[in-house]
Amino acid sequence: MTKKKIILLGATGSVGVQALDVIAAHPEQFELVGFAFGKNIEKAREIIQAFSPKIVVAAQESSQVTLAKAFPDVELHVGNEGLITLARTEGYDILLNAIVGSVGLPPTIEAVQLGRDIALANKETLVVAGYTIMAEAARTGSKILPVDSEHAAIFQVLQGVAKSDVRSLTITASGGSFRDKTHEELVDVTLEDALAHPNWTMGAKITLDSATMVNKGLEVIEAHHLFGIPYDDIHVVLHRESVVHSMVTLKDGAVLAQLGATDMREPIQYALSYPRHLTMHHETPFDLTEIGALHFEKMDLVRFPMLDLAYRVGKLGGGYPAVYNAANEIANQAFQDGKITFLEIEQLITRAVFEHMEFDGQTLHQILASDERTRQKVSQWVEDLTQEKKIALTEVRK
Ligand SMILES: NC(=O)c1ccc[n+]([C@@H]2O[C@H](COP(=O)([O-])OP(=O)(O)OC[C@H]3O[C@@H](n4cnc5c(N)ncnc54)[C@H](OP(=O)(O)O)[C@@H]3O)[C@@H](O)[C@H]2O)c1
């Protein structure tokens, strides 16, 4: 049997490490031929020792130099150029993009243009350039296989279903760490509070995005691109148990859902093994009689304004989703760095979206320029806020 050769972007992260588990559990099916990582050189070292990949990309030059000395047989590259080189490498079957943020976009576009299959965890990529990626994938025959659990659920449910028979999609949302707080109660929440997700263990950025509900907003836009369904037919419901991963309503009223444990290895493995469902080794127990009851509530778009805004930017199209995403990436990091408050995240995103103006259909080039301008603007606003707070503190101390 020929093994599926895998390139993994973001191998040292939450999705990346779980993908390595899946690859290691099926040595007869999968082989890691290359990977990229950010700063975690110790983890990268372990991965090279365990999987003997041919090519590795580090975000920083110092890591590249260190690893080149330790592993002279491995082809090493660095930075964004290195990610493109990795995407262009010959002899792989699927690129699993588990990098966080829109830095994952250029290698995805490169791989799609070469007709390579993509297992996509990096939702930011589709939010920024969904139309381009899906159009290129249709042109080259590249398959875009979703890894996000909600989209993987919809994708599984849609196997064998004609798109013209679909009435609507329903994405489930756990509600994140602050689902039981009112908007007013968010004034002084901390990073530690925000990172305590009730159901999933994930990287810091997506966990914080779940608390602001930006994550669900990004997922709505991602679903629009992946499945070609209009925004008005994509619904979000609050589902505390995260057992139903998402649902599809067909034109005859039948509702098809995919259920399972909160274990990201399931959607990762399916994206890699598609169209097969392989045995899941060390499966997370899943027993509906233990869970007992499932609850579904309407989403309150006033309580969760970032979800409301995501629908608006999605419908506006052009550079708006990229602006929403770029503002969020900067604001999310600024909150993690202790520079702004939790509620300032949504204030900065809202301001960036409302200040953005465009008059024509946007090319990818224009969208990326809007993305870059937004990053600069929002970074400046973060600095201004930091200065204002320092001045206010000095006044108080006087
Ligand atoms: N975690 C989940 O359960 C989950 C579920 C659904 C979707 N997703 C999506 O999957 C993506 C990854 O999420 P995550 O939670 O796995 O994030 P994470 O734990 O923060 O991992 C991010 C990965 O990206 C790498 N990275 C960051 N900047 C890089 C750069 N410039 N060049 C190369 N690698 C870089 C990091 O490397 P270092 O750690 O070495 O710095 C790390 O390997 C996100 O788009 C997220 O929305 C995640």
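Glycine is no exception: its Cβ is also placed from the backbone N, Cα and C atoms.
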### Co-listed Mn(2+)-binding residue [TrEMBL; alongside Asp148, Glu150] among Glu75, Glu81, Glu219
Glu219
### Query
Gly203, Gly217, Gly228: which one does TrEMBL list with Thr12, Gly13, Ser14, Val15, Gly38, Lys39, Asn40, Asn122, Glu124 for the NADPH site?
Gly203
### Query
Of His77, His197, His235, which one shares the 1-deoxy-D-xylulose 5-phosphate site with Lys123, Ser149, Glu150, Ser174, Ser210, Asn215, Lys216, Glu219 in TrEMBL?
His197
## Note on the structure
Those binding-site residues among Asp148, Glu150, His197, Asn215 lining ligand 1, judged by a Cβ under 6 Å from any of its atoms, are Asp148
### Task
Between Lys123 (1-deoxy-D-xylulose 5-phosphate binding site) and Asp148 (Mn(2+) binding site), find the distance joining the two CA atoms and give it rounded to the nearest Å.
8
### Task
Report, as a single number, how many Cβ atoms besides its own are within 10 Å of the Cβ of His197 (1-deoxy-D-xylulose 5-phosphate binding site).
19
### Query
How big is the gap, in Å, between the Cα of Asn40 (NADPH binding site) and that of Glu150 (1-deoxy-D-xylulose 5-phosphate binding site), rounded to a whole number?
28
### Message
Please list, in sequence order, the residues in the chain of Asp148 (Mn(2+) binding site) that are at least six apart in sequence and whose C-beta is under 8 Å away from its C-beta.
### Response
Leu120, Ala121, Lys123, Glu219, Glu222, Pro267
## Note on the structure
argmin Cα dist to His197 (1-deoxy-D-xylulose 5-phosphate binding site) over the binding-site residues Thr12, Ser14, Gly38, Glu124 returns Ser14
